[in-house]
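Some notes on the structure that comes next.
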Amino acid sequence: GKNEYDLLVIGGGSGGLACAKEAAQFGRKVAVLDYVDPSPQGTTWGLGGTCVNVGCIPKKLMHQAALVGSALKDAQHYGWNISQPVHHTWSVMAQAVQNYVKSLNWGHRVQLQDKKVKYFNMKGSFSDPHTIRGLTKAGKETVITADNIVIATGGRPKYPTDIAGALEHGITSDDLFWLKESPGKTLPSFILYVSLECAGFLTGIGLDTTVMMRSIPLRGFDQAQMASLVTEHMESYGTKFLKRCFPTKVEKLKSNRLQVTWKNADLDTEETDSFDTVMWAVGRAPDTKTLNLETVGVKTNSETGKIIVDASEATSVPHIYAIGDITEGRPELTPTAIAAGKLLAQRLFGQSSELMDYVNVPTTVFTPLEYGCVGLSEEAAVQCHGSDNIEVYHAYYKPLEFTVAERDATQCYIKMVCLREREQRILGLHFIGPNAGEVIQGFALGIKCGATYPQMMKTVGIHPTCAEEVTKLHITKRSGLDATVTGC
């Protein structure tokens, strides 16, 4: 009655692979099941999960393509002779990005082989708490048993169910990065950060792009300024916004273009326009429907469908764990899934008791002007501690590289949220500007270690950088003084 494997991981994304490889380091017998259902538009990809195939990696590379386009405009101010107009070819970019992603798929397979982790390209479902039934694409069945099972299947984009023609004619981020030809005039609809990121790079490579937003942008991020500054910059950059509008139907015209009808909530009118591509960004649903969780009694949140776990990533069933985007109340971020997966393997097989710490996790939105943050938003800080106990230091600054290029820096902004009491511990740092991810990554260590405002002021800046401006913040919102940085 001995089980075949010490650990079986269902899902070959960032978290699942990290957990499997870490467990193998302890000499355990480990297997990974991974299977990609085609998107409704037929898109598929290889091993590596969302981040590698249809998330962070292709997104950042296409964001970089747009930044290179902006640099070409700047170049003339710096003395480079570049013939105008410059032209971008989608197929060249897409092929290069897709080739790189395929190299990562192959790399993951090789790593599993090197670490003696068995890889099954199968869709898994529970038969009992220690048994998984795996099905290949051809319908061949394999039964696998394991002492411990980790669910790491992540999520897939949702389609709006109340919009006629949405499923037939729309795409999601699952498809955008694998398009061979340019999406042309594009409507990313609904305002998840992925739709802003995609709209940003589509505009940046010269495509006519309109974002339709039903409510507030960047839900879950700082709303006091950061979210509106990001969208303001995008508007000035050329992205169009249809605010407080929601689509009601999508129809295919004889020309193959898509006619979208929407309701304008402010004007109480119905409007239409035609697009080449309509992209939905209405959220992600946990990929659990074929896992057969009810049979073994793994509890999920009835509203979100996500798996309920405790601080040790354990589900309601002994020996079954869940990590990453599929778990309730966890950030949907690659690095947290990787860290949680490694720590889980160490607790299971390496005599560790260390739990994943989800406090002060830094992140960045890769819009044309990037927004990076760590810690609490201003709203969350006020909610936790009360407005009288919060001090917000802020500044509008101008990156030096924007000066000669005559670029508008109106939305380059930094906000540091601190406790008001004597020590003034930093609760949150928010940065909009070039290379926001690189800037926030460094400061995240200090904030994780409990950095205070006085300590930040004693930190010597590197001149002339954008990150240096964080170490010079001295104007509080409470003072009402102009927060524009002047001089060097």
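Backbone N, Cα and C atoms are what each Cβ position is placed from, and that goes for glycine too.
As annotated by TrEMBL, active site, proton acceptor applies to His463.
Note on Gly124 (FAD binding site): other Cβ atoms within 10 Å of its Cβ, all shown chains, come to 25. The FAD binding site annotation in TrEMBL covers Lys60, Gly124, Asp325.
The disulfide bond annotation in TrEMBL covers Cys51-Cys56. Note on Cys51 (disulfide bond): other Cβ atoms within 10 Å of its Cβ, all shown chains, come to 23.
Looking at the domain 'FAD/NAD(P)-binding' (5-341) alone, the prediction's average pLDDT is 96. TrEMBL lists 5-341 with the feature domain 'FAD/NAD(P)-binding'.
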Pairwise Cα distance for Gly124 (FAD binding site)/Cys51 (disulfide bond) [Å, integer]: 21
Top Cα neighbour of Asp325 (FAD binding site) in the set of recorded positions Cys51, Cys56, His463: Cys51
Among Lys60, His463, which are recorded positions, the residue with the most C-beta atoms within 10 angstroms of its C-beta: Lys60
The one of Cys56, Asp325 whose CB sees the fewest other CB atoms within 10 Å, among these recorded positions: Cys56
Cα-nearest neighbour of His463 (active site, proton acceptor) within the listed recorded positions, Cys51, Cys56, Lys60: Lys60
